[in-house]
Amino acid sequence: MERLKVELGERSYPIEIAAGLLQHAEVLTQTIKGKRVMIVTNTVVAPLYLERIIQLLSGFQVEHLILPDGEAYKTLATFERIMSALLETNHGRDTTLIALGGGVIGDVVGFAAASYQRGIPFIQVPTTLLSQVDSSVGGKTAVNHPLGKNMIGAFYQPKHVVIDTECLKTLPAREFAAGMAEVIKYGIIWDAEFFSWLETNMSRLQALEPAALAYAIRRCCEIKADVVTQDETEHGVRALLNLGHTFGHAIEAEKGYGNWLHGEAVAAGMMMAASTAEARGDLDARQLARIRDLLLAANLPIQAPADMDFSAFIRHMRRDKKVLEGKLRLVLPVGIGHAQVVADVSDDELLAVIESGRE
């Protein structure tokens with residue numbers, strides 16, 4: 001078993017990674033302090049893993065809530081359902097929430113944990129590749145608003161992240177590919193050697209080879225933990241984790257949440273960011289081609305929707321959380337393995353990239 005730690009003083013927490021972790025009760029129960037637990041999951045994950053988790057928690061008073069599946073349900077209405085479920089059964093501050101599912105479940109349950117009675121503990125049990133390598137670690141919790149993604153939320157750290165790589169065996173191929181976008185992101189912004197490893201080992205990952213999966217997930221979590229330890233609330237280096245997300249969030253908001261998976265939109269966004277960097281002279285043509293080829297090898301889109309023009313992108317991008325003093329700030333790669341935040345990308349530069357980057 002791989003065991004990492006996010007070092008945040010009194011709020012530090014472990015990340016545990018292995019195949020078959022959800023067969024062992026002690027892994028899940030070690031950070032639960034009270035006697036009451038509420039598991040929140042969705043209609044896809046519940047038939048696969050809910051009963052198993054309930055059995056692991058045989059010594060606790062366990063309730064569960066099953067939500068609809070999909071990004072379309074990452075809303076204030078879903079958040080309110082969780083609040084109502086907790087209130088109706090008189091849960092207190094000693095209750096532990098368990099987020100059993102992918103990124104949507106993790107984000108909305110984390111936000112509920114941050115908000116209920118001003119904060120109760122929660123545990124992340126991510127079941128998708130995207131949530132295992134990215135969204136379950138770092139304490140970003142949120143719901144979407146019709147005008148923007150993740151606009152309502154909080155920084156609130158889990159008590160524990162339990163990553164069972166066996167869960168990926170039940171993940172649809174499209175969802176696996178979407179998760180690979182975040183894996184590739186870490187190589188682009190932080191670790192050129194990891195990027196090269198991905199170029200060589202993509203087929204092993206797609207074949208779900210246990211050793212390859214364990215290494216990739218661990219490396220992503222190591223990078224994420226390092227970044228979060230340095231900059232928990234995203235005032236500096238953590239912003240680099242948003243590579244592709246400014247363009248990507250615009251695609252998601254414009255096309256309707258869930259029509260493009262988050263990872264698919266981020267992949268197209270990373271290609272647009274890389275193209276912007278190449279046009280500015282910060283990325284050479286060979287590096288741009290390597291990024292494009294790796295995204296394609298992962299079965300990810302490299303172009304934005306054909307019917308999404310400059311005005312649609314800009315309308316959403318101006319609402320991005322990285323906008324500062326009215327200036328749009330973009331994360332752009334500087335070679336492979338490094339990235340920077342820039343605030344001087346002109347509308348003409350964006351127009352050129354958007355027009356050339358559509359299907």
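Using N, Cα and C of the backbone, Cβ positions are placed for all residues, glycine too.
What Swiss-Prot records for this protein:
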type	residues	note
BINDING	69-74, 103-107, 127-128, K140, K149, 167-170	NAD(+) binding site
BINDING	E182, H245, H262	Zn(2+) binding site
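Of the candidate binding-site residues, E182, H245, H262, the one lying closest to G103 (NAD(+) binding site) when CA atoms are compared is H262. Between the alpha carbons (Cα) of G106 (NAD(+) binding site) and E182 (Zn(2+) binding site) lies a span of roughly 16 Å.
Listed in sequence order, the residues L130, D134, A181, K185, G244, G248, G263, A265, V266 complete the 8 Å Cβ shell around the Zn(2+) site centroid, once E182, H245, H262 themselves are left out. Nearest to D69 (NAD(+) binding site) in space, judged by Cα atoms and limited to the binding-site residues E182, H245, H262, is H262.
T128 (NAD(+) binding site) falls outside any helix or strand according to DSSP and counts as coil. When the binding-site residues T128, T170 are compared by the number of other C-beta atoms lying within 10 angstroms of their own C-beta, T170 comes out lowest. Minimal Cβ crowding within 10 Å, among the binding-site residues G103, G106, is found at G103. When the Cα of A72 (NAD(+) binding site) is compared against those of the binding-site residues E182, H245, H262, the shortest separation belongs to H262. Distances between the Cα of H245 (Zn(2+) binding site) and those of the binding-site residues T128, C167, T170 are shortest for T128. Around the Cβ of A72 (NAD(+) binding site), the number of neighbouring Cβ atoms within 10 Å comes to 14. Considering only the binding-site residues T128, C167, T170, E182 (Zn(2+) binding site) has T128 as its nearest partner by CA-CA distance.
Neighbour density around each Cβ, counted as other Cβ atoms within 10 Å, peaks among the binding-site residues D69, E182 at E182. When the binding-site residues T128, C167, T170 are compared by Cα distance to H262 (Zn(2+) binding site), the shortest distance belongs to T128.
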